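Q: This is the structure I have questions about; it appears just below.
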Amino acid sequence: MIVQGLFYTAALVALLASLLVVTSKHAVHAILYLVVSLLALSLCFYLLGAPFAAALQIIVYAGAILVLFVFAVMLFNISQEDVRREDQWLDWKAWVGPTLLVLLLLAEWVLFIELAANPSGSEVVLVDARAVGARLFGPYLLAVEIASFLLLAGLVGGYHLAKKLPEESQ
Amino acid sequence: MWSQLVTIWRVFVHLFDKKDTVQYPEQKPYLAPRYRGRIVLTRDPDGDERCVACNLCAVACPVDCIALQKTEDEDGRWRPAFFRINFSRCIMCGLCEEACPTYAIQLTPDVEMCEYERKNLVYEKEHLTIDGQGKYPGYSFYRKAGIAIKGKAKGEADQEKPPVDVRSLLP
Amino acid sequence: MVEMELLFKISVLVLTLLPTAALLVWLERRLLGFWQERYGPNRVGPFGILQSLADLIKILFKHDWIPPFADKPLFVLAPLIGALAVMMSFVVVPLSPGWMISDSHIGLLFFLAMTSLAVYAVLLAGWSSNNKYALLGGMRAAAQTICYEVFMGIALLGVVILAGSFRLSDIVEAQQEWWFVIPQFVGFAIFMIAGIAESHRLPFDLPEAETELTGGFHTEYSGIKFALFFLGEYLGIMLISMMTTTLFLGGWLGPWLPPLVWFLLKTFVLICFFILLRASLPRPRYDQLLAFGWKWMLPLALVNLLVTAALKLSGGT
């Protein structure tokens, strides 16, 4: 009972924070709401029985990637004018279309979950680090490899961009 | 990397060295007799004030912390009517001591001047004057200088010849 | 009555951690004094032990000023995040067999997660102060923390491979025969260096670098908020020392003395070592720091992980 309450609270926090990510007028505030959303999501993971995923969610997403985001946005020197311009962009004409589409998607999701609801879904199965590793290098090996190729491409690209050109170095 | 480890070790060894700190209020540092601390006004061997209110100290003072007013006694001696030093401004440079022609101003090794109220750091003549002669015992300005005062005409000072009568043709 | 016991343990922990952090300020100043052939603060109370209390009273009565140009909510939030994220990490530290608040099976990951969140304090403080020095400090903190966090985690994986668990009490128990500092010396060194960088201690305190940035990320902070940053920093030292003890120095294990005493003794020695580092090593340049991290420490940590894993696999089971 307590666990369910915690889960729904965390889910609510995640939802609200995600909403605020989109509606915040200040970029840094938006990213911070994203951090909150990710933290709430990690709590959801934990309560669903995936502690390893929850920890990685915080370490990798909230602790590293979004730090980089904040780091980059910090340097943009956002002024009051930018905030005002952002305010103009948040016109109802701009957001009503995407919202409708997303609501449609949500309806589909709910329908799908309702249809696919299995009777054993209520009990929590603990997925520990060993299980995650076995899954990643078992059935999902191809996905891991593709992701690693993508990251490698990013790495090579970053190296290329950061490399000094010969004529510049002279 | 090795040099860093050596540094760490050497700094650690300092733990057992003698401390350089002087534990001040209990353990006073040695201050030489000629240390430049607080100013005093000294007296000549007769017990009179040495200060002749020449204002040279006030002129020499780089922070303008000395204020005094000249007055003249009936016997012809100059004296300060008041002599005031604002020690919250004084930088203990000793220029007033050097400027003083009568050895009246002398610097002492007393440096412990702390007050909770800044006004208390303004010292008057009564606070500054001491009973002794300080570093130059036996010196009296009016006995050495050729200035005429009551009871001592011109030429009567120590090591002074009587004034030359310029109207006379004799050598 | 498990909850009552838990509450009791948590309150005892908090009530000991905060004064200990304050005491650590005094200890650091005393030790720095000794290493510079001075005495350090020795006036307030016996051996000056109440100096931190006096400082605390003073700092509480200071004007709690928020600059008019600051981003107020974030400015207030930042020091809280800093102190809280570090304090949360203490939950998983096993002090002794009978004294663990949470013996979680992802204890080590929880520690990593909380330290990675602690960077937000510095980052947000730097940004919300709306001050160039503070922003530079926040920037440095972000780059430095991301860099050092990466190989901190990788260095710890060697320990995890040897112990076969993320549970900190299991890791301690796995050191019955050998402390992990012997088979994992490279990991130990890397973890120590990364720990110093994570808690912004002196050889790597570039985010606040007084001589260059007038205080860096906490330039605009005063009063109790500054005290919170200070608290976070000293709790961070304690945390890193405790984690190093747990992971590499055998935790509570040791002959004759009770487990808790062993743990605290090892932690104390490590804390003193951190202070010694502060007393002896100069601050590197910012680019040197990052180059050292990415070009030396990260490959070293990866090689360490690879060798450990290979040995573990070839050694069987």
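Placement of Cβ uses the backbone N, Cα and C atoms for every residue, glycine included.
As annotated in TrEMBL:
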DOMAIN    B:39-71  domain '4Fe-4S ferredoxin-type'
BINDING   B:CYS51, B:CYS54, B:CYS57, B:CYS100  [4Fe-4S] cluster 1 binding site
BINDING   B:CYS61, B:CYS90, B:CYS93, B:CYS96  [4Fe-4S] cluster 2 binding site
DOMAIN    B:81-110  domain '4Fe-4S ferredoxin-type'
Q: Could you check which of the binding-site residues B:CYS90, B:CYS93, B:CYS96 is the closest Cα neighbour of B:CYS57 ([4Fe-4S] cluster 1 binding site)?
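A: Sorting the binding-site residues by distance from B:CYS57 ([4Fe-4S] cluster 1 binding site), the top entry is B:CYS96.
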Q: Within 10 Å of each Cβ, count the other Cβ atoms, then let me know which of the binding-site residues B:CYS54, B:CYS90, B:CYS93, B:CYS100 comes out lowest.
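A: Candidates: the binding-site residues B:CYS54, B:CYS90, B:CYS93, B:CYS100. Fewest Cβ atoms within 10 Å: B:CYS93.
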Q: Could you tell me what the rest of the chain brings near the domain '4Fe-4S ferredoxin-type' (B:81-110), counting residues at least six beyond its ends with Cβ under 8 Å?
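A: Cβ under 8 Å, 6 or more out: 31-42, 49-54, 56-57, 59-71, 118, 121-125, 128, 134-136, 139, 141.
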Q: Which residue among the binding-site residues B:CYS51, B:CYS57, B:CYS61, B:CYS96 has the fewest other Cβ atoms within 10 Å of its Cβ, if you could check?
A: B:CYS61
Q: If you average per-residue pLDDT over the domain '4Fe-4S ferredoxin-type' (B:81-110), what number do you get?
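A: Mean per-residue confidence for the domain '4Fe-4S ferredoxin-type' (B:81-110): 89 out of 100.
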Q: Starting from the Cα of B:CYS90 ([4Fe-4S] cluster 2 binding site), work out which of the binding-site residues (B:CYS51, B:CYS54, B:CYS100) are within 10 Å.
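A: So far as Cα distances go, none of the binding-site residues lies within 10 Å of B:CYS90 ([4Fe-4S] cluster 2 binding site).
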Q: Any idea what DSSP makes of B:CYS61 ([4Fe-4S] cluster 2 binding site), helix, strand or coil?
A: coil
Q: Quick check for the class: what is the C-alpha distance, in angstrom and rounded, between B:CYS54 ([4Fe-4S] cluster 1 binding site) and B:CYS96 ([4Fe-4S] cluster 2 binding site)?
A: 12
Q: Between the Cα atoms of B:CYS93 ([4Fe-4S] cluster 2 binding site) and B:CYS51 ([4Fe-4S] cluster 1 binding site), what distance do you get, rounded to the nearest Å?
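A: Computed Cα spacing between B:CYS93 ([4Fe-4S] cluster 2 binding site) and B:CYS51 ([4Fe-4S] cluster 1 binding site) is 19 Å.
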Q: Taking the centroid of the Cβ atoms of B:CYS61, B:CYS90, B:CYS93, B:CYS96 as the [4Fe-4S] cluster 2 site, which other residues of that chain lie with their Cβ within 8 Å of it, listed in sequence order?
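A: Other same-chain residues with Cβ inside the cutoff are B:ILE39, B:CYS57, B:ALA60, B:PRO62, B:VAL63, B:CYS65, B:ILE66, B:ILE91, B:MET92, B:GLY94, B:LEU95.
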Q: Under DSSP, is B:CYS51 ([4Fe-4S] cluster 1 binding site) part of a helix or a strand, or is it coil?
A: coil
Q: Around the [4Fe-4S] cluster 1 site formed by B:CYS51, B:CYS54, B:CYS57, B:CYS100, which additional residues qualify by having Cβ within 8 Å of the site's Cβ center?
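A: Neighbours within 8 Å of the Cβ centroid, excluding B:CYS51, B:CYS54, B:CYS57, B:CYS100: B:VAL52, B:ALA53, B:ASN55, B:LEU56, B:LEU68, B:CYS96, B:ALA99, B:PRO101, B:THR102, B:ALA104, B:ILE105.
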